[in-house]
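Encoded as structure tokens, the structure appears first; notes follow it.
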Amino acid sequence: MSHDSRSNLILGICFAAFALLLIFIWIPFDTDTGLIEKVRRQITIGDALAPTVAGIFLLLGGLILILFERNAPDQPEVDPVNLGFMAVVFVLLAASFLVMRYGGPAVVALVNLSRETPLEYRLLRDSAPWKYTGFFFGGTLMIGGLISLVEGRITLRAVLIGIVAVLAMIAVYDLPFDDLLLPPNGDV
Amino acid sequence: MGALDYIWAGVLAVFLGPELFSVFGVPVPVTIVMIFAGFFLGIAVGATPGLAGPIAMAIALPILISIFGYTPDALLPVMGFLIGVMKGATIGGAVPAILFNTPGTPDAYMTTLDGYPMTQKGQAKKALRVAHLSSVTGDTFSDMVLFICAPFLALLVEGYLDLPEKTALLILSLSFIAAVIGGSPAKGLISTGLGLLFAYVGTGEDFYPRLSMDSKVLAQGFPLATAILGVLIVGAVFKELTDLWREKRESGLLAGTIEDSGDQRLHMREIRRLVPYIGRSAVIGTAIGALPGIGSTLAATIGYTVGKARYQRTKSPEAPDFGKGAPEGIAATEAANSSVSGANLIPVLSLGIPGNAAAVFLILAADSIGGFNPGPSVFRFTADAVNPELVIAFGLFTAMLIANLLNWTIGGVFMRSMGIMTRIPKQVLLPTVLLLTLTAIYVQETRMEAIWFTLGFGLLGYVMRVVAISPLPFVIAFILGGKLEESARQAFAATGGDPWFLFTHPIAAVFMALSVGVILLTARNNRVRASRASA
């Protein structure tokens, strides 16, 4: 937080510009009806009105930031190092969900190498242990990876915590219920 | 049915509801068990830094709905559980604040000021006892006010407000929330505008789903749970992970433990000394809590400031100052922040407007299960036919009383035993909470897009926190967006297509003037404060 930060002014300009784009371009081009419609001699509110109200809130917020709050004390300073960390977190999350999505079919494909009649993951997605494979590998990667990222080193402890946490989640969300599907089994 | 019949029916719905098991032939109703379970879980999560009541609610909700299903019978057990969590987390939050100088929730920050110095003097247990007594007193007082005010406010709204006035009231609530949450009306308006905008994507009355950019994924709109959990929970996890990573880089070590010394009990004369502080703070917290959107942090700050002013006038010379380990400081803070929770349900139950994160989850539960729509229609005391929503409302009040009873009796003991939770490292807790939340979303929605949406909303919640935009107006606007549009459409039709319906009806016009006034006044005050600060 700083007195010298211009983050409020920048934020105000960005949101005022976005609100104008929203009100004058996105909403008119992406809704079927305008603000007010006349249908069979009856006047009704069109689909564009509510998002326009949202746009007005954004525009007002942006303008007040520019006009009244640009010199406010304790404005936040955006640290690019933190944003870099978040980018790495998102890469890790994307990798974890890719492993979660394709982990199960990949294990089945590996098993099929030694089988005469091939298995199909789609048909196994509701039977243990197959239904847990993607969630297990993806979830462990996510938890273990995030712990390692924060601690700045990869440790066996982080992986073990990931495994225990994922097993606990399987026990909570899947074992007692027949009707719940763990990720990614609703999509495969 | 008369009013007393409804109250009695609500009590019976809790005590004579579906039986979970029986002990020596005595049936134990499922709602009671769920209130117990929620209450103990609430204390545990409140006592764990990095966790909070809303996180437990988010994770538990899909499990509860799977267990109890989508029938009206599920409402009381599920919402009873959530109420238990809400109550438990309120007292649990003081544990890390007192023992480790780490506020579990922002509203417990002021508790650290006197709580931790007491721990350093070996008075940790006494400090926890003061916190418990103050918290539970404030909470009970606040609940009493809720029980009395919510039905009357709802009857007033139903009796005097027509469609244009109700639409204007929703706009006033959104403006008020935007103006007061986070201290910047501009950022509040942006947060509210974003919430409304996302609520309107893929919805509307036309054949073409508006603002969907011809995408099939966006055409269905954003599920309520993805927006709420994404912005509130995932966004908070991202922010805490970043802070933790920074902290670790700059090297931070946990303080060692301090042994208790001296008398840890709370004596009657000490309680008598605390009563004025608890009483004032309970009134302050309840008054603040009754207004939607004003959080318990402000209540705690005002309660502490008012308490400090009195203490400086009345304290004995040898007593420690506020901020140096005065039990009165803990009492003033805890009574104020705890008395917000009950009063915060006044706008939820009487107007359908959520005022804080816990209320948001109660509305999410009601919305997911169906059969109960918080709002003025709940309190229709119909004599000829039973209004089931009113029975549920009185059932919820009964659940709150049971949770309070638990709080008074065994809450303190359980709270003091929860010091162990503060030792779970955040770097272990946060990734686990993240996967738990995303799994909870998936088991509800069963499609990967829901996870991507939640992560997207999480990123939005993170960015909002980085640029000091409060995420709560976003969530409240997302919930109220559909209701606002529907109410405006009905009012417009009912007034024969009068485009000025918000200004031609006197009460609606007053609400609209207040909406503009509250924004302008707060913006002006902020500007004056800014120019004073820079001078």
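Positions of Cβ are set from backbone N, Cα and C atoms, glycine also.
Annotated features, as they stand in TrEMBL:
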| type | residues | note |
| --- | --- | --- |
| TRANSMEM | B:20-45 | transmembrane segment |
| DOMAIN | B:32-476 | domain 'DUF112' |
| TRANSMEM | B:51-71 | transmembrane segment |
| TRANSMEM | B:78-100 | transmembrane segment |
| TRANSMEM | B:144-161 | transmembrane segment |
| TRANSMEM | B:168-201 | transmembrane segment |
| TRANSMEM | B:221-238 | transmembrane segment |
| TRANSMEM | B:274-294 | transmembrane segment |
| TRANSMEM | B:345-369 | transmembrane segment |
| TRANSMEM | B:390-415 | transmembrane segment |
| TRANSMEM | B:427-443 | transmembrane segment |
| TRANSMEM | B:450-480 | transmembrane segment |
| TRANSMEM | B:500-523 | transmembrane segment |
### Query
Which one of these stretches, B:51-71, B:390-415, B:450-480, B:500-523, has the most C-beta pairs shorter than 8 Å to the transmembrane segment (B:78-100)?
B:390-415
### Query
Among the recorded stretches B:51-71, B:144-161, B:274-294, B:345-369, which has the greatest number of Cβ pairs closer than 8 Å to the transmembrane segment (B:168-201)?
B:274-294
### Same-chain residues near the transmembrane segment (B:500-523), Cβ under 8 Å, at least 6 residues beyond its ends
160-162, 164-165, 167-169, 171-172, 174-176, 178-180, 185-186, 189, 491-492
### Query
In terms of Cβ proximity under 8 Å, which residues at least six beyond the ends of the transmembrane segment (B:144-161) contact it?
169, 286, 290, 342-343, 345-346, 349-351, 375-380, 393, 397, 400, 507
### Query
Among the recorded stretches B:51-71, B:345-369, B:450-480, which has the greatest number of Cβ pairs closer than 8 Å to the transmembrane segment (B:427-443)?
B:51-71
### Query
Which residues, given as numbers and ranges, are at least 6 beyond the ends of the transmembrane segment (B:51-71) yet have a Cβ under 8 Å from it?
34, 38, 41-42, 45, 77-78, 81-82, 85-86, 88-90, 93, 104-105, 225, 228-229, 232-233, 357-358, 360-361, 364-365, 368-371, 429, 433, 436-437, 440-441, 443-444
### Same-chain residue ranges lying at least 6 outside the transmembrane segment (B:345-369) that approach it to Cβ under 8 Å
52-54, 57-58, 61, 64-65, 68, 70-72, 74-75, 78-79, 82-83, 85-86, 89, 145-146, 149-151, 153-154, 157, 169-170, 173, 177, 224-225, 228, 232, 289-296, 375-376, 378-379, 393, 396, 444, 472, 475-476, 479-480, 483
### Task
Would you mind giving the whole-number mean pLDDT across the domain 'DUF112' (B:32-476)?
86
